[in-house]
Structure formats: C-alpha cells, structure tokens
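Enquirer: Before I ask anything, here is the structure I am working with.
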C-alpha cells in the first residue's frame, strides 16, 4: 500500500444500491477511497467498490466497524436509525447528512412539521389515527406511512372512506404514524436539487420536470420545459432555504408539485411533496448533462470540499429509467447494447449490474442535445428497447 | 450473487496503473464487471476494482488464472509477452488488441517496418548494431531501444558519436535491438487517437496538440490549434488506416511530429513518431471533453460493441498532467483541493490514488470552454498548484 496517496480521506457509504455504485465513479476521479457497507454480497455497489463488507445498517456494531478509520460516513439510502447515527457521532464519526437533518427525509410527519415551521408551500396535511380523523380531514386525500415508504409503497389515495381501512390497518400493525395530505390536482411534478457543504456553500441545479408512474420516477427533463423563470428561481431558493434551515449536507432533492395558483389567474405555484437527502433519481441527468454530477457534489459536500458547478452542459438533457417489464424474459440488458448503441452513438447508458425483474430499476439512459423532441425520442426508444417493449426478434 | 445481471460479460485487464483505474469508471456505467491483474496490492487500479488479484503479467499461469471465465482480455500497458498472448489465444481467450497487432506497439523496429510497408510518412530510420552503423546513418540522430522504453526512457539524442556509447552498451547488455531515427526538426507534436472494434467499425477523435517535456506528456490541447483542416483530416485517415491494416482493436494512439513539408513552401506535414495500443495520455481530455471517453470506447471495442461518438463537447478542452515536483514534500494532492476547486468550480480533476514522487504522473486536470487562453490558464494553474509550484503557504 506504500504507493497509495496517503493524504486522501476514506468515505464510508452505507447501502449497496445503485446510488452508492454511481458514487464510485467520481470517487475514482477524486482519488478518494470508499468503504461500503453492503446488504449482501454481489449487490449493485458491492460489485464495483473494492473495500466492501457485508453487514446490517440497523446494527450499530456493523456501522462502527465499517466507519472505523473513515473521515466521514454517507448514505445510499435514508434508513439508518437516528439513534445509531447519534451513537456514531458520540464516537466522533461525522455523518453527512447528519441525524438531525436526515430525520426529515426519514419521517414524513417530521418533514411536514418542519415545512410548516419554515412557511414552505405544501399541501394541507394532518396526522390521522383512525377513520374519524380521516373523515374530519376530508376526502379525497392521500394517506402515507410516516416512515419506511419508498417508490410509491406506503402511499394510498383515499377517495371513499373504505379506502382508508388498509392504511389504518398497516399503521396499527407496524406502529408507524399515518399522515393525511390533500390530494393535489397538480399540473406536473418538478424537482429542485441542491448540494450543500458543511461550510454552508450550496449549489442549485436547474429545476427539472419529472414524470412519475405509480410512484416511480420514469423520465426527467432538464431543465423543466416552459417553466416560468421566476417560479424556477423561487423553487431553487426554496430548496436552498430548506437545505440551510434543516442543516442538510450532501444532496437534497425537493420533489415538488406544480399546481394552479389560486391567487394568480392562469399562474402556477409549487408545493413541497417529498424530501430526499442523497443523490436522487431526478438528478441522474447530471452525470452527462451537468458540469459536476450530483454524485460528485454529494461526495464533495460530505468531505466539505468546494462544490462543483451545477450548470447544465447542454440545452436539454433527458433521463429515462430502464425498468424491468412485466415479462422479465422479454427484457434484455447487455444484449440490448448492439442495437441501442449502434442506433445512437451519442446515447449514454448507465446500468446497475442488476438482473431484470418486473418493475425493478436496473439502469437509465441520458440523452442531451439542442432539440428536446429528438432527445425524448432517442432516450425513450433506448429505454423501451432494453425493457423489451420494442420487438424482441434480435435473437 | 443472484441479483447480478447475468448477461454481462467479464473483461480481464492486465496491469494496475491509472489507465486500468480509469477504465473502471465506464465499466461501472456499462454494467460490465472487470477483473484486474495487478502488479502489487494497493496500486492505482487495485484500489478501485473489486475483483482484483496480484500477479505477474510475465507469468502465463497468472495470465491464465486471471482470464478464466472472462470474455476478453485487454491491457493497461503493452508489456505482456507475445508468446503468452498466443498461448492464451490457443486456450480460446480473446485479447484486444491481439498479439499480431500489439507487437507493433511493443517493438519499435517492427513498427517502423510496418510503417514503411504501409507507406506511412515517418522519419528516416535504420536498425543499428555498432558505432559504424550509427556513423553510416548520420548524425545527429535519435537512438531508441526497440523494446521496453517508455516516457522518454530508452531514448537518446546522439549529436556526436560519443553519445552513442551508452545506448549501444544498453542494447548489448539487454540483448535488445537498437533503432536509429532521423532527429526531426518538428514544429510541434500531435496525436491522432482512434478506436477500432473487431467488427471493423472505427471512430476518430479530433487530432490534438501535445506538449512533451523530457519524453513525458505535459499538456494536451483538443483540437490542435491552427491545424490545417486538410492535414488534420489526413492525420485521422492515417490513424484509421494504420488501425485497420495492423488489425488494432481498442484504442490506437498515433503520436505524430508536425514538421515543415519540404515539398510545399510554408506547408507542414506529419510523420509517425510512436504507436500506443491502449488508452493514452493524449486522450485523457476525452473524459470531460468528448461525447464518449477513450476509456469507454476502449472497453466497447474490446467487447465488439458499437463505438460511441468521438465528437468534442466543447470548443476547446485542455488537459494538463499533475507530476510530482523535485521536492515531493512541497507538492500536495488531496490537500490541494480546497484552493483548486474553490478557484475554479468547472475544473475537472482526476487523481490516480498515487503518492507524490518526483516526476511521477499522479493525476491530471481537464478544463473545457470557448476561450483557449482561459482554459490553458485555469488548467496550468491547477496542475501547478497540486505540484506545489505556486507557493505552499496553505498549511
């Protein structure tokens, strides 16, 4: 090991998914070694990080072992228990984001309370415990478990009171509190992504438009087309303010609804939907479309290094996720390359080293250029091809 | 391992230097697992490739072990013995580049003979064995060992006959043949980089200007400023022809002299200086300055996948190497980040995970933009800062 640069700090990453995998690329460039805590051998990031060990992020001993000798610990997901992060902090292990910030991405009720405190625009909400509470809140509404939901799981649209039975039962069984939110009649979904360093320096990426299907991100267009520049600026300012007020370090994604503004004829406004404190699916376009990717800025922020420019490198960048189709035998990943790459020499493909399964995110493509329709067509074609939706006669 | 994409082939990479390290980034994106044969634990690529083993590239058993189960083998350097590659081929292990092509990057006399056969423009040359041969060739000249030289080592400028004593002694002691070449009075050095797949598909990157100091690449400007477009096109055609005729697969770098053309008043021509068959220092700019980096296209070519676009993404991209200065205690790598990144939020840094040593290549920076002077100033400043040439009061 005598040849290794002795000055570079080691970064522990908890969770072996594709977000940790994609942090490995800028870590290579920065010369910063990563140490991974993976859920199991062979998971996405475990395949590509040399210093990887298998363990349980809910086990304090595993967390202590993996962070030993690391300058900082960061995350692939938001599920590390707050009390473990506090215990690590007591040991002198710095986490970015830290537990006091992260709780806002772990608990939707804590997040809603904070947004109320900050006066951030958001849907009407309440904590509900039983049918009477839901009726009092008013229908239709959305019920969400405050903790543990992801990608549309743990979210129910309640149009009549009978629809509330399942979420109330889940909440009672799991002991998790239930959040009721106004069902927002939104025009589209936006995402405002910022990076913030412990020094307080922050960088805001362009606000993007995101298409969600069944709670799963499918497409992102950067920047959001036809977005009122004043609204875009206010969404960036909102995300920067949330990051600052909550003490977020690393990437913060503020998922937003764009909805008609009742106070302005023909105008729209944004409402805070969700917060995520890690590189986010709505920021994958930055890998090929921005000067500095969200993954690099997440690492820079965790290390309290100056952040890189979040400026876009092209007029438009489109990201489309590659999801396993209903029939996994029809999809193709590596075998999709000959057609997809030959058809589009400028296509950027990112696969996660995962086998195809129905509905599973296994990769994404990025396409950038001057013509949005062209970018959309190329990215959608490639993603559909990998998914197996465009004929399967290539064998 | 059940979650791993089962369709992706594994690529063996021989040699654990920074070129293998930088192949790991596009391998992550492509979802292609690498298996590394490293010279020692902790070398540059060993730090970042999960499936890495230590062994000797001159040992056929080590080569057989590392390539087992791999679809293809490729290289960080050109030093694997031809007979071992032929033995692997007999076992059914495909190498890209293959031994018949690679020998032209391993043996400068074999290369010169091939260039003569192809009618490629090159300096006058001869094989020399003793003082009389050198005198007959004429002075001044350059003497080079046909095999084993790199980064200016194994190259001597001979201005008077006494200067030939050392190279002749080295050749006699090592049993390596000696090549004499005309000392070209060149205007500057250029590099024509192409990728070629086994299918025959090829892609030519823009011709770049490269500044070499003591045989070591220091700076690259892409594209080469003020290069006659016809000469640029002919240099690209020459590199494509060499790649095709020699059966090169992967990246081929053709290092060229630009020199006055004796046949055209005020005109210049190019002469072939060296060939390299791997990602090359003169192509590092492509990581941030081209649609598809040389490292990704090298992997795509090795896998016989369609190549990605070699088009530049910016008007200018400048690469400057970070080399250890005379006093290694003065240089800084990780500790150089606060100033370098804060001064230039668009700076792209690539460190190799190596400790600073005098003259050692430990990283490079890329800067792209519309204004060449601005790019040069920013890239040179950053590289000098890391090297420790710009004050060292930051402690």
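Note: Cβ is positioned from N, Cα and C throughout, glycine not excepted.
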Enquirer: Given that TrEMBL assigns A:144, A:181, A:182, A:183, A:184, A:189, A:273, A:274 to the ATP site, pick the one from A:108, A:153 that the record assigns to that site as well.
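Expert: Record check against TrEMBL: ATP site with A:144, A:181, A:182, A:183, A:184, A:189, A:273, A:274, extra candidate from A:108, A:153 is A:108.
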Enquirer: Hey, of the binding-site residues listed (A:108, A:189), which one tops the CB count within 10 A?
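Expert: Its Cβ has the most other Cβ atoms within 10 Å: A:108.
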Enquirer: Where does residue A:108 (ATP binding site) sit by DSSP, helix, strand or coil?
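Expert: Helix, per DSSP.
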Enquirer: Over the domain 'ATP-grasp' (A:112-303), what is the model's mean pLDDT?
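Expert: Taking every residue in the domain 'ATP-grasp' (A:112-303) and averaging pLDDT yields 96.
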